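If you check Swiss-Prot, you get these features:
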BINDING   HIS279, ASP281, HIS336  Fe cation binding site
BINDING   ARG347  2-oxoglutarate binding site
DOMAIN    259-356  domain 'Fe2OG dioxygenase'
Amino acid sequence: MGSCSPQLPLICLSDQTLKPGSSKWVKVRSDVRKALEDYGCFEAKIDQVSMELQGSVLKAMQELFALPTEAKQRNVCPKPFTGYLSHNGLSESFGIKDANILEKAHEFTQQLWPEGNKSISKMIQLYAEKLAELDMMVRRLILESYGIEYFIDEHLNSTYYRMRLMKYIARPDNDITAAVGANVDNGANDNADGDANVNDDGASIGVKVNVDVGDDVNDNDSVNIGVGVDINVETNVNGDLDAEANGDATAWVVGAVSGNASVGAKEANVDAELGLPSHTDKSLTGIIYQHQIDGLEVKTKEGKWIRVKPAPNTVIVIAGDALCALMNGRIPSPYHRVRVTEKKKTRYAAALFSNPKEGYIIDSPKELVDEKHPRAFKPFDFVDLFNFYHTEAGRRAPSTLQAFCGVSAGK
C-alpha cells in the first residue's frame, strides 16, 4: 500500500560526478526541468554537505534555541518579521540574511552573545555556502534546459540568500485548542493575529496566525485556517504564508478550529498538527533540510499531499513565486505545509532561500514567451510585489502573484 503513495522525484546532484557538459549533466538537466514542471519541487541526493557538518548544524541549532528568551529576541533585523520569532514555545525560528557570508554570520551570533560565537558562525556560514553552491547549480541547470544560457550570469548575480533555522514541537496530545494564545515576535512591528478570526460568513474560527515577513512574503492578518486543510485557497483568502518555504519569512500556525461545527474530527486533528499552513513560497528557490523528524508535505497538481520523509544526504529543492514569474509560469510554485505528527518530539529544519535583490526587475526572457506560452506576468520589481502583500487586495487575493502582475490582472 505504501509503495502506491505518491512520491517526489529523487535526483542525484552529487558534485563529484556531475560536471557541466557531461552526459550525466545533460540527463540531470532534463530530469530537473521535468520534476519542476510536474511538481514544482524534487528531492535531491547530495554530497556537498557532509554528514558531519549536518550533525554539527543540528547541535548548533539545539544550542541556539536553548538560549534564554531575552537572548534569542536580540535576533532583530531592519525589516520587520525577518528576525527571531516564537509562538507559545511550540515553534521558533531565526532569520539570517546573507548567511553564506562569514561577516554576516558573525553579526548574527553577536546579536545573541556579547562576544559572538565564532564556532557557530563559521558552521552556519559553511553550511549556507554549500547549499548556495547547490542552489546555483540547480538554477544553472534550469536556465540551460530552456536554452537561455546567456542569462545565467545576470540571473545568478541578481540574487542574495537568506537562511531560516526552525524548530517545531509537537503537541503532547490532539487538543486542538491547547495552543491558541499570545505570541512573541521581536523582529516585527505588527503581527498577523488570527485569534477568533471572522470569515466572510461571520463565523468565528479560533486560529492563531503569526507571520514572520521579510522581503518576499505576505503578512496576512485575515487568514482563515481550519475548515479543511486548504481553506486558504478555497475561501479566496491568500495562502501565501511562508516559512519553511520562503526566503524571508516564517508563518507559524499553532492552533486550529475552535468554533466551526462543520469540521470533522479527522480534519480538526489534521489542522491541530499544522506547524505551517498550506502556502506557496515567494522566493526564487528554496533548499530545505529536515533533521530526522519529518513534517513537510507538498501538494500535487492532482490535489494529493506527498509527505516528504527525511533521508541521509537529501534535501528538498522547491520553486517559489519569483521563479514561477521569471519562467513565465512554466515552473509552478507548489503549495506545501508543515504538519508535525510525532508526539513529544522536536523537529528541526534548516532552509536556504534565494531572492531577487532590491531594484532588480523580474521579466521573463523572450525565449520563454511564444504562441504556446503567451506572457503570463508583467515585469515587476520584487520590492513592489512585497509592498503589495501589505495591501488589502494583496491579502485577499487567491494568488498575490497573479493579482499583482498577472497579465489578466486589472492593473
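For all residues, glycine too, the Cβ spot is worked out from N, Cα and C.
A quick note: this is a predicted structure, and the numbers were derived from the prediction, not measured.
When the binding-site residues HIS279, HIS336, ARG347 are compared by the number of other C-beta atoms lying within 10 angstroms of their own C-beta, ARG347 comes out lowest.
Secondary structure of the domain 'Fe2OG dioxygenase' (259-356) per DSSP, as helix, strand and coil residue counts: 14 helix, 41 strand, 43 coil. In this view, ASP281 (Fe cation binding site) is surrounded by 36 other Cβ atoms within 10 Å of its Cβ, with every protein chain counted. In this structure, the C-alpha atom of ASP281 (Fe cation binding site) lies 20 angstrom from that of ARG347 (2-oxoglutarate binding site). The residue listed as '2-oxoglutarate binding site' sits 17 Å from HIS336 (Fe cation binding site), taking the CA atoms of both as reference points.
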